[in-house]
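Residues or ranges marked as GTP binding site by Swiss-Prot: 48-55, 75-79, 93-96, 160-163, 191-193. What Swiss-Prot lists as Mg(2+) binding site is Ser55, Thr77. Marked as domain 'EngB-type G' by Swiss-Prot on the basis of sequence analysis: 40-212.
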Amino acid sequence: MTNNEKVINNKKSTDSSKLFRYQAKFVAGAMNINQIPNFLLPEIAFIGKSNVGKSSLINTICNNKNLAKVSNIPGRTGQINFFNLADKLIIVDLPGYGFANVPISVKEQWEVLISYYLRNSNNLRLVNLLIDSRRGIKENDKKVAELLLKNKRSFQIIFTKFDKVTDCKNLTDEAQNFLTTLHYSCNVMYVSSRSKEGARELKASLAKCIIKPQRSKGR
């Protein structure tokens, strides 16, 4: 039994295999708040530090390596990107945070954009907070988690690049201690875009979002 299977109690979802069998497509990019669309469909968002592997993970779960642009240069995703999956789900790729070599004015613009989206989206069901398995949870990640709770957004923690670490026990302990300080409970998952480990479990958790709304369990 893998760590992810323990997290979701071994529940398999045929809905996820059916949903992610469809081809996702890019439908909009928003560089400012006036460009944020309303598709009237459930949305699930991905957020994390620059170069955490957001685009690669989105490509992995959508089975399309060219869907979200992948770059080794941190800070390349400078807008909110929206992808439509079978007219059933909108996948939202939020700009990365924590990259130092970006002008302060640009950082502030991204912060305004992200904060506005998290505060105002009526369709957002779940946020996936991505953490690099090699780095662990950093101060910027904690601030984002607090922002999510402040806006009453449900989230789950996704440790990316899991193929590059040998043991998840320290990560699990770190995540649980972190969640305890937040007085929040959520899934903690481990995924590798390279080996595909954890991808099926992640898809299952996302597919649930089109069935029923996700409510914050904190505070």
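Glycine is treated like the rest: Cβ placed from N, Cα and C.
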Separation of alpha carbons, Ser55 (Mg(2+) binding site) and Lys161 (GTP binding site) (Å): 12
For Ser55 (Mg(2+) binding site), the three-state class that DSSP assigns: helix
Proximal but sequence-remote residues of the same chain as Gly48 (GTP binding site) (Cβ under 8 Å, at least 6 apart): Lys54, Gly96, Tyr97, Leu129, Leu130, Ile131, Asp132, Asp141, Thr160
For Gly48 (GTP binding site): DSSP state (helix, strand, coil): strand
Spatial neighbour of Ser55 (Mg(2+) binding site) that is closest, considering only the binding-site residues Gln79, Pro95, Val191 and their CA atoms: Pro95
Nonlocal neighbours by CB distance (under 8 Å) for Gln79 (GTP binding site), same chain, sequence gap 6 or more: Gly29, Ala30, Met31, Pro95, Leu113
Residue with minimal Cβ packing [other Cβ atoms within 10 Å] among the binding-site residues Lys54, Lys161: Lys161
Sparsest-packed among the binding-site residues, when each Cβ's other Cβ atoms within 10 Å are tallied, from Asn51, Ser55: Asn51
